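**Student:** Quick one: this structure, given as structure tokens, is what I'll be asking you about.
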Amino acid sequence: MATAMAEDTSFEGDQLASMTTDDIGRASRLLANEIRILKEESQRTNLDLESVKEKIKENQEKIKLNKQLPYLVGNIVEILEMSPEDDAEEDGANIDLDSQRKGKCVVLKTSTRQTIFLPVVGLVDPDTLKPGDLVGVNKDSYLILDTLPSEYDSRVKAMEVDEKPTEDYNDIGGLEKQIQELVEAIVLPMTHKEQFEKLGIRPPKGVLLYGPPGTGKTLMARACAAQTNATFLKLAGPQLVQMFIGDGAKLVRDAFLLAKEKSPCIIFIDEIDAIGTKRFDSEVSGDREVQRTMLELLNQLDGFSSDDRIKVIAATNRADILDPALMRSGRLDRKIEFPHPTEEARGRILQIHSRKMNVNADVNFEELARSTDDFNGAQLKAVCVEAGMLALRRDATEVNHEDFNEGIIQVQAKKKASLNYYA
């Protein structure tokens, strides 16, 4: 309206010269009236602006007051879609505002064991909520003030390896075939997923490493974790055997939930034979609880909630006692055997463990490898340590061939001849 008046009261120079004194006075009064109206509009707008600023400040103070810690912790039970009631209200009748609301409402269960229906969700967008979410609510109004991180068992959080392992495939001797199989099953699906999609195949979900003790199964898993940027969760089989019913299964479930949140993720289960033994009829409650823990593991491996971004590496010394359901395809698809090292592999392992030692040039690793028949990787490392200790005992500056020979004799003396590691 003010623009239209400006157009009406604008005069050209020639037109102004031809106007009489009365016309000019009338035009000036119109302009003065327009200026007065614009000033009144400006004052009214400024007052409205101040009022809105005051309301915003007041609401921010209320939010700040309501968001004071501590919160009451609650769980989202259900999210409902509300539509206003269509019943016609009579004139002058009281109107239930809650029944006229439109949008999402929430059923909430608090830590005080109360179940609350919230027609107004609170300060959190209801579209971002889902059943099972942990939220912080006001202890008086129960309005949702903030979302909280997912709750996991503290024992599961401790399983996450924060520091990246420093091992490399170069630290493993004589297991080139096993390294290739593990890389194909675990590393490539994470680093070159498009190659599998191009071929139209699904990579293995899990890998079972089995063989005698000391042959490098755990070392291989750590080297695999170091080659990927994936989160690494390390579980031990005996860790999952708990006293209370359902506790072990909850640990497995929480471990896979944490892995899904931090995906891509590698879960390494060492000594899986502690929970994965063949099922049998037993009246002992402890045996049944171990079997329930294994059933939860089977469900997580290929159940409805399985995730291809989670890879499982399991290691055991006794693959022969594992349950067939755990070994079938679709769960632990690839089985990689770790045998005792060959003569060539033993020489390579001795070189790896002695590469940082000050070794004399006359040390013949091929001869040492021939002298260490039936030694595993851990025992070959012990030979190198014993050789270094013998050199230290005689105040030598370097380790010679005789020290290694004496180290072999000492490690051999500690071996139990009747011990059968792997049946």
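Cβ from N, Cα, C; glycine included.
Feature annotation from Swiss-Prot assigns phosphoserine to Ser18. Marked as ATP binding site by Swiss-Prot: Gly211, Pro212, Pro213, Gly214, Thr215, Gly216, Lys217, Thr218. Swiss-Prot lists Lys234, Lys278, Lys415 with the feature ubiquitin cross-link.
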**Student:** Just the number: how many Å between the Cα atoms of Thr218 (ATP binding site) and Lys278 (ubiquitin cross-link)?
**Tutor:** 23
**Student:** Sorry to bug you, but what's the C-alpha spacing from Lys234 (ubiquitin cross-link) to Lys217 (ATP binding site), rounded to the closest Å?
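**Tutor:** On Cα coordinates alone, these residues lie 13 Å apart.
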**Student:** Using the alpha carbons only, what distance in Å do you get between Gly211 (ATP binding site) and the residue listed as 'phosphoserine' once rounded?
**Tutor:** 112
**Student:** Going by DSSP, is Gly211 (ATP binding site) part of a helix, a strand, or coil?
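**Tutor:** Looking at the DSSP assignment, Gly211 (ATP binding site) belongs to neither helix nor strand, so coil.
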**Student:** CB neighbours of Pro213 (ATP binding site) within 10 A?
**Tutor:** 13
**Student:** I need the CA-to-CA distance for Gly214 (ATP binding site) versus Lys234 (ubiquitin cross-link), whole Å please.
**Tutor:** 18
**Student:** Name them in sequence order: residues not among Gly211, Pro212, Pro213, Gly214, Thr215, Gly216, Lys217, Thr218 whose Cβ is within 8 Å of the mean position of the Cβ atoms defining the ATP site.
**Tutor:** Ala315, Asn317, Phe338, Asn376, Gly377, Ala378
